[in-house]
Amino acid sequence: MAAWVEHSTAEGRVYYYNSDTKQSVWEKPDELRTPAERALDKLDWKEFTTADGRKYWNNKLTGKSVWDMPPEYKEALETVAEPDDQTGALTVGLGEKDDDTEDADRQIALRGSMMGVNPVDGSAIPMSQRYIRSDRDVPQYSSYEDAEAAFSRLLRQSRVAADWSWEKTMRIVILEPHYRALKDPKERRDAFNKYIADLQAEQEVKEKDRMAKLRTDFLTMLRTHPEIKSYTRWTTARPILEGETAFKAMPNEHEAQRFFDEYIQEKKRREVEEERDSRRDALDAFTRLLHSLSLEPYTRWSEAQEALEDSDAFKTDPKFKCLTKLDLLSIFESHIKSLERAFNDQRQLQKATKFRNERKNREAFASCLDALRREGRIQANTKWMDVHEIIKHDERYTNMLGQSGSTPLDLFWDVIDQIERDIRQKKDIALDVLTSRRFELTENTPVTDFMDVMQSDPRTAQFDVEVLTIIFNQLQEKLLRRAESNRRGDDRRQRRRMDDLRSAMKHLKPPVGVDDTWEMVRPRIEGLEEYRALESEELCKSAFEKYIRRLKEKMEDERSRREGTPGSRRGGESHRSSHRDRERDLRRSLEPYDRDRRRDRSRTYDRDERDRDYMRASRYHDDRESRRRSREPSIGRSGEDEARKRPRVTYDIEVPKGDVTEQAVLPKLREEESSEEEGEIH
């Protein structure tokens, strides 16, 4: 029993398995090869079939392909066929045929008669030849797959071609023992169709391999012709190539032109890539050249061109010739932008470093001021000039001079503002203590009494004496302002009442004459409401005297106008003289009022100035960032200049004499405190 057995894969491909060595191979072993196959394998020529069924032969040594069968191949076939012709025709064995064989024979005979072929009748075969078939035993297989593989092997051994029909195939293999490996005719037909499909697929693969080899040979041949450029046409190249072996081996001119077009496209693609690579190398080299020129971020293109013209590398290197002026300008712009980015990054780093150093300087100076505050050398009424004398040689102060942002004076005002906020909070507590103790704070209350009250209450007992003194001065100042305001109000009311009395005198019937005396007029006006509204008879008499003086001025004016002509100089001078007299009398009569008003205006201005200072200090923390951005850095600012920047208010106030009751003073003080705080907020 042979060790090699034929099998088929799931795709129908045939392979051979050796049960002794456990080896599988695709090619048929020599043990299973027929004498014809062994003879043909020794030749260099192999037979192939194209997709359209046309056969050709290829020499595996020379690579040459021909359409006509080579003489060596034809001689080998004839040598192998001679023994088969001498054996004679095979006959069908005696005995009865099974049904499917008889049907197949009838169909073959019918088709053979139609095609002009005489079927072989078993009764006409000699007796000596009828027993040839009977000596052969029909093989038996354990599975359908083995039987199908044996049938396919029979078809392959019979050299059934892919274009054969089933009827033609049966005429060749029907007398073979393996023909009956499949009992069912339908199974035989299906196995035949599968074999044909596998054979066609195998031939297609072989055809693809052959065309791939032809393509490789043709493209190799094209590369040996440098005269063929990327722009060469087929009509130009064909006369050059038609004498080549690779060109003659092509099945048709269409395939040759297709391979030529493919070669031209590939050549164009390589040229484009080479051009792109050379251009990229030139761009990189030009970028490196710009770096070597040490250009600045503000260098102009004209200046860079002059530097390039002086560069030997730019003038002698041929790779730069493929670059256009636009390419050079684009690379220059990119290089300048990179320099600008590096320059801006460096500036940002310097600014960040400067900002950090200035912040550290401010923190150090703030700690210096805080230390002075804890030592008691900075109080609410401390002036900048006093502090400047202490810190003018301190390194923490000198480092602050000339830098941007908050100045030393600003930080000093921050400390003062914090002290004032603390004082306001403590002043509210002090007012609560005065209210709870029902202490009567007046304008002439001594500071010792105020201190005793504050020290006796646990809420204010821990307050510093300096803070309590400042609170006392502030309260006394508010009392003074309240008294002054009351006095000014009384004066205004008295003046309005005097004006009302003069107006009433003007409407008396009979009218008051210029020669009337106070004793004559007083009985006439004592019953008037305007007379009773004045507090003293001196005020009423003063109003009367002013009224008489005004009447005399009017009469003098009338007499002057009557005596002088409209255009006379004397009349004009008299009129001007009387006008000056009236103005002088008016100034004299208003001097006390004007003095009071000017004094009130001056005090109001001082108070408003102090309020503005406080409001400016309180708003400082809210708009510090905006002021820092808008303020230009001052270089070399001295401490004396900073001291003149912002005036401060001291609390050295003389307390006038007077009585203010607790019920009138403390509510008013609280109202003023709340109103001032609201004004500062708004």
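Including glycine, each Cβ sits where the backbone N, Cα and C put it.
According to TrEMBL, the protein carries these features:
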- 1-31: domain 'WW' (DOMAIN)
- 45-72: domain 'WW' (DOMAIN)
- 144-198: domain 'FF' (DOMAIN)
- 210-266: domain 'FF' (DOMAIN)
- 356-418: domain 'FF' (DOMAIN)
- 483-503: compositional bias 'Basic and acidic residues' (COMPBIAS)
- 483-508: region 'Disordered' (REGION)
- 554-660: compositional bias 'Basic and acidic residues' (COMPBIAS)
- 554-682: region 'Disordered' (REGION)
- 673-682: compositional bias 'Acidic residues' (COMPBIAS)
Averaging the pLDDT values of the domain 'FF' (144-198) gives 88
Can you say which of 1-31, 144-198, 210-266 has the most Cβ pairs under 8 Å with the domain 'WW' (45-72)? 210-266
Could you pull out which residues elsewhere in the chain have a CB under 8 Å from any CB of the domain 'WW' (1-31), counting only those six or more residues past its ends? 37-38, 145, 148-150, 152-153, 156, 194-195, 197-198, 202
Checked against DSSP, the composition of the domain 'FF' (356-418) is 42 helix, 0 strand, 21 coil
